[in-house]
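These come from TrEMBL:
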type	residues	note
TRANSMEM	7-29	transmembrane segment
TRANSMEM	35-54	transmembrane segment
TRANSMEM	66-83	transmembrane segment
TRANSMEM	125-144	transmembrane segment
TRANSMEM	164-182	transmembrane segment
TRANSMEM	194-213	transmembrane segment
TRANSMEM	225-247	transmembrane segment
TRANSMEM	254-273	transmembrane segment
TRANSMEM	285-305	transmembrane segment
Amino acid sequence: MSGMLQALGDVLLPVMLVAGLGALLSWRMPVDQGTVARLTMYLLIPALVLDVILRTPVRAAEAAQLGAAYLLVMAASLLLGWLCGLGRPGSERRALSASVGIWNSGNMGLPMALFAFGQAGFERATVVFLVSIVAMYVVGPALFGSGARGDAGGGGWRGALGAVLRLPTVWVAAAALLLRALDVTLPQGLSRGVSLLAQATLPLVLLSLGLQLGAGGWPRLHGRLWLAAAARLIGGPLLGLGVGALCGLRGESLAVLILSASMPTAVNALLIAREYDGDTDTVAGVVLLSTLGSVVTIAGVVALLPRLG
């Protein structure tokens, strides 16, 4: 119990405090969430990715192993969510699958890894985050069908590919990997500017999370939503443990994978469902339940992880 209380205070409290201030702000005054989200996605996160890739000591082989393990956990989680929707209409089953299979490895996963494991954990969590961005924008549109509208520019795999290719984070990551492979360093002034932007990322992504949750309202809840939330919060870390061990992950890489897999459903899953005419009520309900429930489950995971050795 003392370990859980310490995890609540040391790891969860800073995250919930900043996100809670964002939710409070959304209740007190109108805030343009789109501007905040675009600022984060198109400027700050690319700067963070560039900064981390150029500075991180994580070996390429370890990063590839961690990324592959994440994809396997995601695939298993999508299947688990699909099973949660057995006997339900197709639209609801797809929404439940996405709700379990797409989790918050960015807004919550990055700061949680930093507070729980320090800079080394944060660097490995960034690897997971990079893989999750591409996977989310491929799997999400493909899962919710071909009735795409809006910015995706098309449905199914074509729309998914277009969404991924429009993400600056993907191109920045590719450029950073090339620079690192060529052993090229940025000029000091440019490097410091990138680092300043990178340092602003975590506070803003947490505020953005709070703004989105605060403006979402209280959806109608039913039994399948509770089941999917439990699958996300309990099944997720168990899958992370099993898959990570099978993939040969050890130490901080295994711990980061398990912690990432214990995160609640991503708000981006709701945004993708809305853009592709999915069952937004179901996704919103699982987002709410899993986010609230994660206060307890993540504390338990953080308290138990040191016992893995």
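Glycine is no exception: its Cβ is also placed from the backbone N, Cα and C atoms.
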Should the transmembrane segment (285-305) and the transmembrane segment (225-247) be scored as in contact, given a threshold of at least 3 Cβ pairs under 8 Å and pairs 6 or more apart?
yes
For the transmembrane segment (66-83), could you work out the same-chain residues 6 or more beyond its ends whose Cβ comes under 8 Å from its Cβ atoms?
93, 96-103, 124, 127-128, 130-132, 135, 139, 143, 228, 231-232, 235-236, 239-240, 243-244, 247, 249, 253, 256-257, 260-261
Tertiary contacts of the transmembrane segment (254-273) (same chain, 6+ residues out, Cβ under 8 Å)
66, 69-70, 73, 77, 95, 98-100, 102-109, 112-113, 116-117, 121, 124-125, 128, 132, 136-137, 140-141, 144, 209, 212-213, 216, 229, 232-233, 236-237, 239-241, 243-245, 279-280, 283-284, 286-287, 290-291, 293-294, 297-298, 301-302, 305, 308
